[in-house]
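Notes follow the structure.
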Amino acid sequence: MTEKNDFGREVISVKKGIHPEYKKARVHCACGNTFETGSVKEELRVEICSECHPFFTGKQKLVDKGGRVEKFKKKYGLD
């Protein structure tokens with residue numbers, strides 16, 4: 001047996017009364033971005049979303065302070 005969910009997609013029916021209700025949810029990011037998705041909660045707050053995550057923005061910062069080997073070589077002039 002299939003039925004349509006809140007998002008207009010056909011879904012297979014599951015046992016009644018044992019699953020949480022899946023509904024539209026508003027997501028608020030710390031960067032100020034908001035968007036809608038599906039969840040068992042009506043409102044979600046996140047610290048990082050696709051609008052501010054370095055992987056998606058391309059503004060990834062690589063911080064290389066030098067490892068232990070580099071420090072050893074520098075200390076003993078082995079460069």
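Start at 1 and count along the chain as shown; that gives each residue its number.
Using N, Cα and C of the backbone, Cβ positions are placed for all residues, glycine too.
Straight from TrEMBL, the features:
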type    : residues                   : note
BINDING : Cys29, Cys31, Cys49, Cys52 : Zn(2+) binding site
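Compute the center of the Cβ atoms of Cys29, Cys31, Cys49, Cys52, which mark the site for Zn(2+); besides them, the chain residues with Cβ within 8 Å of that center are Ala30, Gly32, Asn33, Val46, Glu47, Ile48, Ser50, Glu51, His53. When Cβ atoms from all protein chains are considered, those within 10 Å of Cys49 (Zn(2+) binding site) total 17, not counting its own. Cys29 (Zn(2+) binding site) counts 18 other C-beta atoms within 10 Å of its own C-beta, drawing on all protein chains shown. Ranking the binding-site residues Cys31, Cys52 by the number of CB atoms within 10 A of their own CB puts Cys52 at the top. For the recorded site, Cys52 (Zn(2+) binding site), the DSSP three-state label reads coil.
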